[in-house]
Amino acid sequence: MRLSRFYQIQKTLLQYGLDELIPAQWQPWYARAARRCLFWLKNRYPEQSVAARLRLALQSLGPVWIKFGQMLSTRRDLLPAELADELAILQDKVRPFPGEQAKALIEQALGLSDIQQLFAEFDITPLASASIAQVHSARLQLADGTQAAVVVKVIRPGIEKQILADLALMDSLAVIAARLLPDGKRLRPREVVSEYRKTILDELDLQREAANAIQLRRNFEGSDSLYIPFVYADYSRSNIMVMERIYGIPVSDIAALEAQGTNMELLAKRGVEVFFTQVFRDSFFHADMHPGNIFVAREHPENPKYIGIDCGIVGTLNAEDKRYLAENFVAFFNRDYRKVAQLHLDSGWVPAHTKVEEFESAIRTVCEPIFQKPLAEISFGHVLLNLFNTARRFEMQVQPQLVLLQKTLLYIEGLGRQLYPQLDLWKTAKPFLENWVKQQVGLPAIWRQVKENFPFWAEKMPQMPELLHRYLEQGPRQQQALLLQLQALQQQQQRGKAQIISAVLAAASLISASIALSINLPVLASLLGAGAIALTVRALLH
Ligand SMILES: Nc1ncnc2c1ncn2[C@@H]1O[C@H](COP(=O)(O)OP(=O)(O)OP(=O)(O)O)[C@@H](O)[C@H]1O
């Protein structure tokens, strides 16, 4: 099976003339000999460009390859623009599988003898069908006797086996491409395939998608800007997901949105706001924001609300990632390239031996042209893309979650501009960055850190007597090691205590200063104010 599929893939690649991607002088003798042996497989589309032939070949190889091409189209850091544009038009058109089969899969997964035990109605004709799953509309019978309009998403039967087999072949081709393509090293084909592998396998698990949707819904509970449909977790399995049906307008249907009088400016702004809220407030963002997954509620067009579906791919960020983003954006928009370079060095993102001047100059060269445009039009996604490309040249390993974020940002900004071309991206995003940076300094930040560290100390405290006891029982060398551990623990504890005391005293001084000011004692107020500043600095330095 694997051999015949391998032959089929080779045949397709040769019939679309993709062997031309490897210059003849780069081909080792065995590759040239193998090519000659397959003499009947000729390039059938010589009149088409290489980019078009690659797209057509991927299209004919089926869903796994189509999705791969779609993913590649977003890697503008790796591919020339012409190729990326061509791959972006790959269509994920797949014939639906029989509704009867979907019904049987649902019955089996939920242990039903008949689908009507749970669903009052089930539409056997799919509502939508994509490469990995298909969606059926239904009416769910609820325990309280009422019914709810739902959709049931069902993973295509047998798709996992096909995906795994194709991924293995794709990896073999990546090994060949890394060796033979002129740009093989820079393109890192095996890494690209392994990144794709993770994404596509994640999409196969609807339990994961359900969990992501539940979390995102909770994060935006009561929000005016984003609604995530309710997931019926009790009826969701790894290959089945039941969720509330939504009736929004697809975000790409600009005519319909305008016809109902949607406030397009607000809608565009809310797109950017929702994204930055997910990133900087929740550290959890929907990372598959293509237009097919975004709808706009029909109610209240003057106060428009997005509806998001398909939470299969999400990105998460840690504090370090967020700091990277916020500080770089702020430094970049101040055109402070030295700061951008220094930030990368200080945090160890690029190796310590990097020459800061060289790095700064490289960043300036790629980023300065961006400022030819007015600030309002500068895309955050492009800024990041350029920054990553430069940083990679200086040996920075860009984290996959940051690449995911950069791609999502490009989508969101593109969408915002489509909805409302005058959208001022900088003005919309700036408050989120500033707010985040503000939260990282001052008393609230110290208090938050103390609260965050409390469980650590609560856990460590009971170990102290035991550490002491072990210390007394050990020989001198081990005693020394234990003593060091103990000292480190004590120092941390002391620091924590001193930090709390300084923070509390600083707060008290501040309150007293404002009282002194309100009863007209400016000298005392200034003294207390100075004291508060000194104590805050002390707390921060600990
Ligand atoms: N809750 C819902 N209510 C109404 N329609 C829905 C709902 N969920 C999905 N759909 C419809 O089904 C289509 C496919 O759903 P979804 O995007 O979740 O599937 P998918 O297989 O992951 O597709 P793709 O990978 O192409 O995005 C959507 O574009 C939408 O038309």
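Quick reminder: no glycine exception, Cβ is built from N, Cα and C everywhere.
Straight from TrEMBL, the features:
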| type | residues | note |
| --- | --- | --- |
| ACT_SITE | Asp288 | active site, proton acceptor |
| BINDING | Leu127, Ala128, Ser129, Ala130, Ser131, Ile132, Ala133, Gln134, Val135, Lys153 | ATP binding site |
| DOMAIN | 90-343 | domain 'ABC1 atypical kinase-like' |
| TRANSMEM | 523-541 | transmembrane segment |
Please list, in sequence order, the residues in the chain of Val135 (ATP binding site) that are at least six apart in sequence and whose C-beta is under 8 Å away from its C-beta. Pro126, Leu127, Ala128, Ser129, Val151, Val152, Lys153, Val154
If you pair up every Cα among Leu127, Ala128, Ser129, Ala130, Ser131, Ile132, Ala133, Gln134, Val135, Lys153, the residues annotated as binding ATP, what's the maximum separation in angstrom, rounded to an integer? 14
Excluding its own, the Cβ atoms lying within 10 Å of the Cβ of Ser131 (ATP binding site) add up to 20
Other residues, Cβ within 8 Å of Leu127, Ala128, Ser129, Ala130, Ser131, Ile132, Ala133, Gln134, Val135, Lys153 Cβ centroid (ATP site): Pro96, Pro126, Val154, Arg156
At 10 angstroms around each C-beta, which of the binding-site residues Leu127, Ala133 has the fewest other C-beta atoms nearby? Leu127
Calculate the distance in Å between the alpha carbons (Cα) of Ala133 (ATP binding site) and the residue listed as 'active site, proton acceptor', and round it to a whole number. 15
How many Å separate the Cα atoms of Asp288 (active site, proton acceptor) and Ser131 (ATP binding site)? 15
Looking only at the domain 'ABC1 atypical kinase-like' (90-343), mean pLDDT returns 91
Based on Cβ atoms within 10 Å, give me the single least packed residue among the recorded positions Ser129, Asp288. Ser129
